[in-house]
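> From TrEMBL, for reference:
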- 46-81: repeat 'WD' (REPEAT)
- 399-500: domain 'Small-subunit processome Utp12' (DOMAIN)
- 524-585: region 'Disordered' (REGION)
- 526-564: compositional bias 'Acidic residues' (COMPBIAS)
- 572-585: compositional bias 'Acidic residues' (COMPBIAS)
C-alpha cells in the first residue's frame with residue numbers, strides 16, 4: 001500500500017485524465033480507489049467515516065466523491081488530495097443511499113425518510129415521507145420537467161424513484177415548487193423485494209420511462225410508463241421475464257435459473273441479463289418482445305460449480321496417518337464424520353477398577369469418553385432443523401415424494417415453525433399446493449398437514465396478502481376446508497347419538513350378564529323354650545303395669561277432690577245444695 005501511494009503522488013497529472021477509477025466503500029469506514037486499467041489499488045480515503053460505508057456516488061466533476069455511512073453522516077471527498085472537503089449529519093439514523101441530481105447542484109439522501117440537499121449551502125431543500133424500511137435504491141427518472149412553460153431551475157418538476165429493503169413497492173416522487181406534498185405520486189408493484197433496479201431516463205415529454213426490476217425470487221419485471229402526475233393504484237409490470245433449464249432426458253422437469261441483474265443498453269431497447277450462479281455468472285444481451293405479458297427464456301447452464309485446483313501448487317500437506325491414530329473432523333451434529341469404530345471381536349473396557357489393578361491413565365480415560373457420532377444421528381437419518389428448510393425446498397422443486405414425506409410427516413411444533421420461518425418466500429405457494437394435495441388424499445394425514453398450514457399462514461400472512469392472484473391460488477384449499485367444516489356439525493350430532501346408543505347397549509349387556517342372587521335364607525334357627533318363657537314374662541309384666549296404673553289414677557283423683565274442697569272452704573264458696581255436691585262427687 002505504501003509504495004503505491006508514493007507512485008500516485010508522482011502521477012497526479014495522469015490521474016486528472018483518468019476516468020477508470022472504481023470507488024469501493026468498506027465495512028470499516030474507509031474508501032478504496034481502484035484503477036481498473038492498472039489492476040491495482042491507487043489510493044485510500046480515510047478519516048471520513050467511523051462505521052460501515054453504505055453508498056458511494058461520483059459527482060459530474062471527476063475529482064469529487066460523495067459517501068454515506070451507518071454513522072449518520074454524509075462526506076464530500078476530494079479524490080486528488082484524498083481528504084475530506086465537507087462532512088455533515090444526514091439523518092437521525094444511518095444513511096443508506098445517495099443520488100446526485102442531473103445538473104449536479106442537488107443531492108438526494110435516504111435512510112428511511114428522503115431528503116433533498118442543496119450542495120452549496122448543505123441545507124435541506126425538501127423532505128419526503130420515504131419508506132418504512134431502509135431505502136436501498138435512489139435514481140432520477142427525468143432530466144427535464146414535463147411542464148415546459150415555466151422556467152427550469154434545475155430541480156423543480158423532476159421525478160425520482162426509490163426502493164427499500166423488504167418492500168415490494170417502488171415509489172415515484174415529484175419535486176414541487178412548494179413544500180406541501182411530501183407523499184409519492186405513483187408506485188410500481190413487484191412480486192418480491194427488489195435487489196437490482198435500472199431505468200432509462202426520460203429526456204422528452206412524450207418519452208416513457210422504462211424500468212427493469214430484478215427481484216429476490218429471480219424474476220425480472222419490466223415497466224413502461226409516461227410520468228404525468230398522480231396515479232392512485234400501484235402499477236403492475238408490462239412484462240415478466242424468467243429463465244429456466246430445458247429439462248434433460250434424465251430430469252424432464254425444467255428448473256428455474258435466477259436472474260441476478262439486468263441493465264438497459266444504450267439503444268434503450270435491448271437488455272443485458274446476468275443470470276446463473278453468483279460465482280460464475282452468465283452475461284447475455286437479449287432483445288425482448290415486451291408485448292407479451294410473460295416471457296420464459298430457456299437456457300442450458302452448467303448446474304455444478306466446479307472449482308479446479310492445481311495439486312502441484314497446493315501448500316496444504318496431507319499428514320501420514322497410521323492405523324492407531326484417530327482423526328477428528330469438524331462437522332455439524334447429525335452429519336456423519338469419519339469416525340473409526342472399534343472391532344467387533346474386542347470387548348469394551350470397563351471403567352471400574354478391580355482390587356489390585358493399577359489406575360487407568362489419562363489417555364485411557366479420554367478414550368473412554370469418545371462419542372460415536374453414528375449414535376448422535378436424529379431418528380430416521382434426518383438432519384437438524386437448520387437443513388429442514390433446504391430439504392423442503394429441494395423436495396418441492398424436484399417434486400421428490402420421499403423427501404417431502406420425511407419433512408412433512410414431522411409432528412414436532414418447534415421444528416415445523418423453524419422450518420417454515422427459514423424457507424424462502426418463493427417456496428410458500430408451492431408448499432401450500434403440496435399441503436392441499438395431501439389434505440385431499442388420506443384424511444388421517446390432515447392433523448399433521450394442518451400444523452404446517454397454521455405455521456405458513458401465521459408466519460407468511462403479510463406476503464400472501466400482497467399476492468394479486470391469491471384467490472385462485474388458495475381457492476382449492478378454501479373449498480376443501482369449507483366442505484370439511486360444513487360436515488363437522490352433522491358428524492358431531494351423529495357421533496353424540498351413536499355414543500348414547502353404544503353406551504346403552506353396553507349397559508344392557510352388563511345388566512344381563514350379572515347372575516341373579518337367591519335372596520332366600522339357607523338356614524333359619526328358632527329356639528322354642530326361650531321364646532315361650534319370654535312371652536309369659538311379658539304378659540305378667542303387662543298385667544302388673546296395668547294394675548299399678550289404675551291405682552295411681554284413683555289416688556290422684558282423690559287428692560284432687562280434697563284440694564278443691566279445702567279451697568272452697570277457705571274462700572267461703574261451699575255449696576249449700578246437696579245436689580251439686582253429689583254432682584261434684
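Every residue, even glycine, has its Cβ placed from backbone N, Cα and C.
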> Provide the three-state DSSP residue tally for the domain 'Small-subunit processome Utp12' (399-500): helix first, then strand, then coil.
87 helix, 0 strand, 15 coil
> What parts of the chain pack near the repeat 'WD' (46-81), using Cβ distances under 8 Å and only residues at least 6 beyond its ends?
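Distant contacts of the repeat 'WD' (46-81): 12, 15-16, 19, 21, 23-31, 33, 87-100, 104, 107, 109, 111, 117, 119.
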> With DSSP helix as H/G/I and strand as E/B, how many residues of the repeat 'WD' (46-81) fall in helix, strand and coil?
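The counts are 0 helix, 18 strand, 18 coil.
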